[in-house]
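A quick write-up on the structure given underneath.
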Amino acid sequence: MMSFFVNTDKKMDEPSTSTTTSRQSGNETTSSEDRGTFHLPDGDTSIVKSTAPDKETSPQAHTGHKDTPKAQDVIKSPNGHVCGECGYRAAHRAHLVVHMRKHTGERPFKCDQCDYSAAYKGSLNQHKLRHTGEKPFKCDQCDYSATQKGTLDLHKVTHTGDKPHMCWMCGHRTANRSHLIIHLRKHTGEKPYKCDQCDYSTAQKASLDKHLFKHNGEKPYMCGECGYRTINKSMLSVHMRKHTGERPYKCDKCDYSAARKSTLEQHDMAKHTGEKPYVCGECGYRTPKKSKLTAHMKRHRCDKKSAASTTADSSHQSN
């Protein structure tokens, strides 16, 4: 049996919202021994167990189910409320209850239009904007808008040219950390996104989504100007720049601008940094553009076919 270690020299801090570590229910006694062990920090401490749900943060208010013991049991110390799983401290019990969902995996906030659920009410509110189409966060330098402030902040970097995240293997710089993680897969060869219908795998989720449409042939997004159809909304937005002439990606070293971020990155490598991240495994040829490497690799395939054909002809003649 495990037990709580509690300083008994001090009265419970919150008598109106707490119970002792054991209670009587008919003839049955439920002891704190049945609910796990927390090693308390030095100093006066007590264990507080709320008997009333928190209206905004308690999962009970949304699911009707009791929290797991780990989600309800809180270590109360002079320094605030402490998570028994990782030591996280919170000034208020309600904040710790929300934090505990990282450990329990509980997602009590449900979308009423799809099967999405979230651990936080704010996350659900942001998700709902996808259904309404509302994009309240507007860029003050172009017509871009986003459903989340964080997404808008990432977009604004395209105007400033700031690239604080650098690859330690090749020096490639990017505006945000998530793009750097994707870039690193070029070096590691990691392809975590797998197709469930064939053996295709890729480093980016967007590439997998694009591939999946090859199996079902669906292209739901259509350009009203020319009838071009594509598999996702972002690709249609990029396509529309051909009609509008918009080139939102600006080079911070010259007056060059591009409709696509990847085009700007290729320009930067070719004209300014000299970086050539695409390498031929056959001969060591390097280039800043993937398309050039693809064209180069075709030469090797042609050379191999030609060599194989010559060998076959020589063998036939000798016989």
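Glycine is treated like the rest: Cβ placed from N, Cα and C.
Annotation comment: TrEMBL describes 1-76, 291-319 as region 'Disordered'. Per TrEMBL, compositional bias 'Polar residues' is recorded for 15-30. Residues annotated as domain 'C2H2-type' in TrEMBL: 81-108, 109-136, 137-164, 165-192, 193-220, 221-248, 249-277, 278-305. Sequence annotations record features per position, and here TrEMBL assigns compositional bias 'Basic residues' to 291-303. Taken from TrEMBL, the feature compositional bias 'Low complexity' applies to 307-319.
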Legend entry - Secondary structure content of the domain 'C2H2-type' (165-192), with strand meaning DSSP E or B: 12 helix, 4 strand, 12 coil
Inset, instruction - Please work out the helix, strand and coil residue numbers for the domain 'C2H2-type' (137-164) from the DSSP assignment. - result: 12 helix, 4 strand, 12 coil
Inset, instruction - Report the DSSP secondary-structure composition of the domain 'C2H2-type' (109-136) as helix, strand and coil residue counts. - result: 12 helix, 4 strand, 12 coil
Legend entry - For the domain 'C2H2-type' (249-277), distant same-chain residues with Cβ under 8 A (at least six beyond the ends): 158-161, 170-172, 186, 238, 241-242, 286-289
Legend entry - Segment confidence, the domain 'C2H2-type' (81-108), expressed as mean pLDDT: 86
Inset, instruction - Write out how many residues of the domain 'C2H2-type' (249-277) are helix, how many strand and how many coil, based on DSSP. - result: 13 helix, 4 strand, 12 coil
